[in-house]
Amino acid sequence: MFRTILLCSLGLTTLSSAATHNITSIFSSSLSPGAQIFLPSDTNYTEDVTQRWTTYDAPTYIGAIKPATVKDIQNIVTLAASNKIPFLATAGGHGATITYVNCTNGIEIDISNFNTVSIDASNNTMTVGGAVRFEDIIPPLYEAGKELPTGTAPCVGLVGATIGGGIGNLQGLHGLILDSLLSVELVTPSGDVLTVSTSENADLFWAIRGAGANFGIITSATYKIYNATNNGLAMSANYLFPASENRSVWEIFQSFDETLPPELSLTAYSGFNQTTQEMELIVNAIYYGPKEEGVSYLTNFAALNATETNLMMVAWPNVTSSMAFGADGDACTTGSYLNTWGLGLAETNIDTYTTFFNELQAFSQAHPDYSGIFVVDRYSSAAAAAVPANSTSYGYGYRNINSHLLFENSYPSDNSTLDNAVNSFMRSIRSQFQRTSGFSEMEIYLNYAHGDEGADVWYSPQHLPKLSQLKS
């Protein structure tokens, strides 16, 4: 779920003719032998080209190009601009913002060939290609006795998550993913290649850490990595609760508002069971430490009337698959119609959570074609908040978010009535949570943004003037 105001508008003032372009004739002579051009009419187009996680308000393409070299990307960017063809670069394909719908008749630059992983354990660094996903780095890092903060969906692109902040269950120990970023190689909108770090193009390095999708295509990135916590082992606990326990669960979540141990993360998943016609609530806890320590933080959950539980020690590569009783596959299914919304909270208001839980049940009962999941990510914000707010362009107050809310709304794509009902419901719910969020203004993890919040919310009023200056 990644925000961009970039590569669909790189000086492209006239887009109406893009659909008539023959992209093969325009680009083929400038590409290396390993590069490929794909058209939507190709038989295997959806297998050969990275597909989006969601089709909701998606961009439209007249074709895709899969570059093999950095020079290929430079040539694609230059030729696309000169021919007034909009484009987007994709890696994991998890961008879900509605702003992408404004990219029409463009080309997809599928950078999936940029998938290398190189670990320098002695110097605690890792260099990756721009298309590498979380699932590509976790096994080799684990084998090397190292770790890096990652998100919980294994198929999400590492770099894409990074430049929007990057949250996950190692955040309490090492901060946001972008706080571990050391440098990148970047193809600029003008087609130049730059090395960007604190010592080279430092202003640009500030900008890409929080607003990177606006400043170019990252072909490689180098990260600081860390010694594996608890020898790479974590406790994973899952609890399935009936609807009647939801208020008690939110009370426990509230008890962690002041202090959440850095080794502990909590995730709640709420959804409607079509069979029982009741809401259900799953809580997952990940603790990077000894089992007995982790269990000591979960006694209040264990005291509730869970209908199913499991608790196990898992190696880091198996953490995500252990969450929510192993139901992590949906996050990696492409081509679904998912209308996502999000919000960040500083505190937990039990009444707001309980009211929404009941309203989501009523909405689900009233709309049989609707299937919504409400996710609450709880990570310690201490390490992220310890980084000075002005050191990166990441939204000014985002580092103080205690709870990241994600609303995943799934329903048939041809139901405009339900589209309107869902959007109206989400606006109301977002406003309710915002009023009791503990923040004076809306705060949101950029990669969870819906796309209607506006630039002040995405980048913060404090950072937006400098970002605009660097963009001009």
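Backbone N, Cα and C define each Cβ position, glycine as well.
Taken from Swiss-Prot, the feature domain 'FAD-binding PCMH-type' covers 54-228, and the record attributes it to sequence analysis.
Marked as N-linked glycosylation site by Swiss-Prot: Asn22 (among others). Under the three-state DSSP scheme, Asn22 (N-linked glycosylation site) falls in the coil class. Around Asn22 (N-linked glycosylation site), a 10 Å sphere centred on its CB holds 11 further CB atoms from the protein chains shown.
Under the heading N-linked glycosylation site, Swiss-Prot lists Asn44 (among others). In this view, Asn44 (N-linked glycosylation site) is surrounded by 8 other Cβ atoms within 10 Å of its Cβ, with every protein chain counted.
DSSP assigns Asn102 (N-linked glycosylation site) to a helical segment in the three-state reduction. Residues or ranges marked as N-linked glycosylation site by Swiss-Prot: Asn102 (among others).
For Asn123 (among others), the entry in Swiss-Prot reads N-linked glycosylation site. According to DSSP, Asn123 (N-linked glycosylation site) is assigned to a helical segment. Counting every protein chain shown, 9 other Cβ atoms lie within 10 Å of the Cβ of Asn123 (N-linked glycosylation site).
Marked as N-linked glycosylation site by Swiss-Prot on the basis of sequence analysis: Asn227 (among others). Applying an 8 A CB threshold to same-chain residues 6+ apart, the list for Asn227 (N-linked glycosylation site) reads Asn124, Gly145, Lys146, Glu147.
Feature annotation from Swiss-Prot assigns N-linked glycosylation site to Asn246 (among others); the stated evidence is sequence analysis. Long-range C-beta contacts of Asn246 (N-linked glycosylation site), restricted to its own chain and to partners at least six residues apart, with a cutoff below 8 Å, comprise Ser270, Met279, Leu281, Tyr353, Thr354, Phe357.
In this structure, Asn273 (N-linked glycosylation site) is part of a beta strand by DSSP. The N-linked glycosylation site annotation in Swiss-Prot covers Asn273 (among others) and rests on sequence analysis.
Taken from Swiss-Prot, the feature N-linked glycosylation site covers Asn305 (among others). Cβ neighbour count for Asn305 (N-linked glycosylation site) (all protein chains, 10 Å cutoff from its Cβ): 10.
Summarising the annotation, Swiss-Prot assigns N-linked glycosylation site to Asn318 (among others) and lists sequence analysis as the type of evidence. Under DSSP, Asn318 (N-linked glycosylation site) is assigned to a helix (H, G or I) in the three-state scheme. In sequence order, the list of same-chain residues 6 or more apart from Asn318 (N-linked glycosylation site) whose Cβ falls under 8 Å from its Cβ is empty.
With a cut-off of 8 Å between CB atoms and residues at least 6 apart in sequence, the same chain places Gln462, His463 near Asn390 (N-linked glycosylation site), listed in sequence order. Asn390 (N-linked glycosylation site) falls within a helical segment according to DSSP. Look at Swiss-Prot and you will find Asn390 (among others) tagged as N-linked glycosylation site.
In three-state terms derived from DSSP, Asn415 (N-linked glycosylation site) belongs to neither a helical nor a strand segment and is classed as coil. In the structure as shown, the Cβ atom of Asn415 (N-linked glycosylation site) sits within 10 Å of 15 other Cβ atoms. Swiss-Prot lists Asn415 (among others) with the feature N-linked glycosylation site, giving sequence analysis as the kind of evidence.
According to Swiss-Prot, the feature signal peptide maps to 1-18.
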Task = Take the domain 'FAD-binding PCMH-type' (54-228) and average the pLDDT across it for me.
result = 96
Note = Integer Å value for the Cα distance linking Asn102 (N-linked glycosylation site) with Asn44 (N-linked glycosylation site) is 26
DSSP three-state assignment for Asn246 (N-linked glycosylation site) = helix
